[in-house]
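Novice: Here it is, the structure, as structure tokens.
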Amino acid sequence: MKLNGTSSSTPSNGQTFTGIHKNGNYNDELVDELGDDHGTTSIDTPMREDAFDLDDDLKVDLIEEHFREIMNILGLDLTDDSLKGSPRRVAKMYVKEIFSGLNPDNKPASTLFDNKFQYNEMLVEKDITVQTYCEHHFVPIIGKAHVAYISSGKVIGLSKLNRIVDYFCKRPQVQERLTIQIANELKRVLETEDVAVIIDAKHLCVSTRGVRDLNSTTITSSYSGKFEQESTRQELLRYVAQPSVGL
């Protein structure tokens, strides 16, 4: 079974499945199953080759039209003052804000500096805000990221760590992919394998629908280079566990 809908199988009950379709109709059971499956997607965000043929303004116009139709189907009165601007607001939010990280032109520039202080211990940036959207249900994933690296002779500004996290958050995501994408970008920018990323987040697709568990969170991590050593990893985890400074 593949996510692209091209493979098929014949179960013992004789039903024929092709992707998310069953006997010519949507297979809701399989759609829900794939929505809970975080293991069969790729490290790269699934994007079409023509994803940027349309400019942002045209995307806003088209999404506005389609979202207006969704609201109409739901039976909402689009002549109401509170609702009539919603299709435009949602379209602009999608393209210009919460999914702006889909466009590589929006990737933050990261200038490398020489490590003139000769600081060779790990640097940890804790409690970076994670606000992204589950690509299965398009509802928020909210939490914290902790990133760390050990300089190989180069450093970047502290705010760039936050900006890199934010960039990869601004797209439909699964948490596992988000963790790996942040780690890979930090390794690329910092020119070192000595990078760690930990994300602890609440999925609103779990807390507001389906099982409706209000308390659970999901933790994912990526350790590479020196962070694969148990002693280095434990040092990082001690820093993460320390209470944060309140201002």
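Keep in mind that glycine also has a Cβ here, set from the backbone N, Cα and C atoms.
The following feature annotations were taken from TrEMBL:
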type     : residues               : note
COMPBIAS : 1-18                   : compositional bias 'Polar residues'
REGION   : 1-22                   : region 'Disordered'
REGION   : 28-47                  : region 'Disordered'
DOMAIN   : 63-239                 : domain 'GTP cyclohydrolase I'
BINDING  : CYS134, HIS137, CYS205 : Zn(2+) binding site
Novice: What is the number of other Cβ atoms found within 10 Å of the Cβ of CYS134 (Zn(2+) binding site)?
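Specialist: For CYS134 (Zn(2+) binding site), the count of other Cβ atoms within 10 Å is 18.
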Novice: Across all chains shown, how many C-beta atoms besides its own are within 10 angstroms of the C-beta of CYS205 (Zn(2+) binding site)?
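Specialist: If we count other Cβ atoms within 10 Å of CYS205 (Zn(2+) binding site), we arrive at 19.
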